[in-house]
Amino acid sequence: MSLPCNSTFPAGFIWGVATAAAQIEGAAFTDGKGESIWDRFARQPGKVHGGDTLDVACDHYHRFDEDFALMASLGVKHYRLSISWPRIYPDGDGELNQAGLDFYARLFDAMARHGITPWVTLFHWDLPQALEDRGGWRARETVEAFGRYATTVVQAFADRIEHWITLNEIRCFTQLAYGYGLKAPGVKVDAATLNQIYHHALVSHGLAVQAVRQYGGPRAQVGLTDNSDVCIPVTETPADIAAAREWYRRKNLHLLGAISNGGYSDEYLERCGKDAPKVAADDFALISAPTDFLGLNLYTGPFVRAGADGEPEEVLLPSAYPKADSPWLHWAPQVIYWGTRLAHETYGVKSIYITENGCGYNDEPVVAGEVNDLHRREFLRAHLRELQRAIADGIPVDGYFLWSFMDNFEWEDGYERRFGIVHVDFATQQRTPKLSAHYYAAVISANRVV
Ligand code: PNW
C-alpha cells in the first residue's frame, strides 16, 4: 500500500506532546515531596550544566492550569506526562503522601476541563533518594517498592486514566546512570551489577503491567516506552537493510529481545558470561506478559551497512554531519521509519506510539515576541514525512508525541538545552509559543504534514 505524499493521517491518529514530572514541575520540596536522586545529583558540583537544579523548573506545579490552556489553544488533545514517585511516597515506600495524590487529581481535573487526554508514565527517572540509599536499582527491594507505588497510583486514578506507560527509557536510567555515571545517581557499577539493574527494570515493568491489569479497569491500556538502539540502513538495499536488522536485533537483545522472547536468549547469556543476571522463578511471566502497545522514543540512530564480510558495521559520522546542540542527537529522520518498522518486524508489535521525538538547541531567543525556530520546524517536518512513509507501508503506528511541550530541565544539560515548542523564560516563567508550535498546531488541525 502506498499513499500520496500529501495525504492525511488515519482518522483517529493520536497527536500529542510529552513532558516528565521532574523536568517541569519544580516545587521539589513542596507539600511533602521527598528528595529524588536528581534533586541530590543536581546539587553535586559539576554534574549538571551551570549547577542548575530542579527546584523551580517551569513551576508547572503552580501553573498547570495556564499551561493546559496554552496546550489546548494549540489544538493539542493528548498529553504524555509522568508522575513523580517521591511525591507519592517521599521515602519510596512506606508512608503515603496524600498531598501528592491530591496534586495529580487536581492536574487531571484541569486537563479534563481543557479537553486534554492524559497518557501517564509511572517512572521517568526520579527515583526516591531514600531507595537509592538502600541500593537503588541494584536492589530487588526497589523493584518491590516500585510495584507498590504503581499499584497505589493505578488504584487512585483508574477512573480517569486509560493509557499507562510503565517506564521511560530503561537504557537511560540504567546504563547512562549506573554504567557511565552521566545521569543520576552518577555512579559506575561493574558489568554483573549493571546486568542485574537491567533485569530489575524489566521486572518493574512487569509489575506495573500487572497493576494496570488488576486495578486499571476494563478500558486501561498499558505499554513500555523504550529507546531502542535503532539502526538505519545507509542505503535501502536488501544487503544494508539486512545488516541494519541484524545489528538492531543484537543491540536490543537484553531489553525488547528478552521481553518478546520470554526469557534471556542463549546468545545474550553467552555474551554476559559470568556476569549474567540472577532471575527469580516467575520473573519472565511478569516481564513478558502481553501489553497493548509499545512506546518508542525516537531521536537518532547509527547508520549501518553490510561490511565486506557481510557483517553489519556502523558508519562513522563525519564532523560535517548535521547535529542538534545535544551532541548525541545527529539528524537522522529515517529513525522514525526504521525505528517503527524494525520493532514491528522483529518483535511483532501490533500497536506503536512514538512517545517522544524532538530536538534540543541552545540559543532560541524571544525577539519581538516571537521565537523563530525554523530549525525545529525543519526537523519536525522531515521526521513527520518518515512517519507518513511508515504508515503508508502498513507499519502500525497509532500516535506521535512531540518532545517537548515546553523548554524544561534537560537533565545533565540543565536549562541551557531547549527542546520545547513553547519557549520558557526561566527568570520570569513567561511562556512564548515558538514558530514550531504554530507549525505543529497546523499539522494537528490538518491531520497531515504541512
Ligand atoms: C529522552 N541519548 O532522553 C528523555 O526521555 C527525556 O526526558 C529527555 O528530555 C529527552 O529524551 C531529550 O534528551 C534521552 O543519549 C537522553 O541517546 C539521551 C539519549 C536519548 C534520549
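Cβ atoms here come from the backbone N, Cα and C positions, even for glycine.
Please treat TrEMBL annotations as automatic predictions, because they have not gone through curation.
These features come from TrEMBL:
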ACT_SITE  Glu169  active site, proton donor
ACT_SITE  Glu356  active site, nucleophile
BINDING   Gln23, His124, Asn168, Tyr299, Trp403, Glu410, Trp411  substrate binding site
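Structural mapping of features recorded in TrEMBL.
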| residue | record | DSSP (3 states) |
| --- | --- | --- |
| Gln23 | substrate binding site | helix |
| His124 | substrate binding site | coil |
| Asn168 | substrate binding site | strand |
| Tyr299 | substrate binding site | coil |
| Glu356 | active site, nucleophile | strand |
| Trp403 | substrate binding site | strand |
| Glu410 | substrate binding site | coil |
Quiz item: List, in sequence order, the same-chain residues at least six positions removed whose CB sits under 8 Å from that of Glu356 (active site, nucleophile)?
Solution: Ala18, Arg80, Thr225, Asn297, Leu298, Tyr299, Phe401, Leu402, Trp403, Ser404
Quiz prompt | Cβ-centroid neighbours of substrate site Gln23, His124, Asn168, Tyr299, Trp403, Glu410, Trp411, 8 Å, sequence order | solution = Ala20, Trp125, Glu169, Glu356, Ser404, Phe419
Quiz item: Are there residues of the same chain, six or more positions away from Asn168 (substrate binding site), whose CB falls under 8 angstroms from its CB, and which are they?
Solution: Ala20, Ser82, Thr121, Phe123, His124, Trp125, Thr225, Asn297, Thr355
Quiz item: Over all shown protein chains, what is the count of other CB atoms within 10 A of the CB belonging to the residue listed as 'active site, proton donor'?
Solution: 25
Practice problem: Can you grab the distance from Glu410 (substrate binding site) over to the residue listed as 'active site, proton donor'? Cα atoms, rounded to a whole Å. | Solution: 15
Quiz item: Expressed to the nearest Å, what is the distance separating Trp411 (substrate binding site) and Glu169 (active site, proton donor) at their Cα atoms?
Solution: 14
Quiz item: Looking only at Cβ atoms, how many others are within 10 Å of the one on Glu410 (substrate binding site)?
Solution: 20
Practice problem: Write down the Cα-Cα distance for the residue listed as 'active site, proton donor' and Gln23 (substrate binding site), rounded and given in Å. | Solution: 15
Quiz item: Around His124 (substrate binding site), how many other CB atoms lie within 10 A of its CB?
Solution: 24
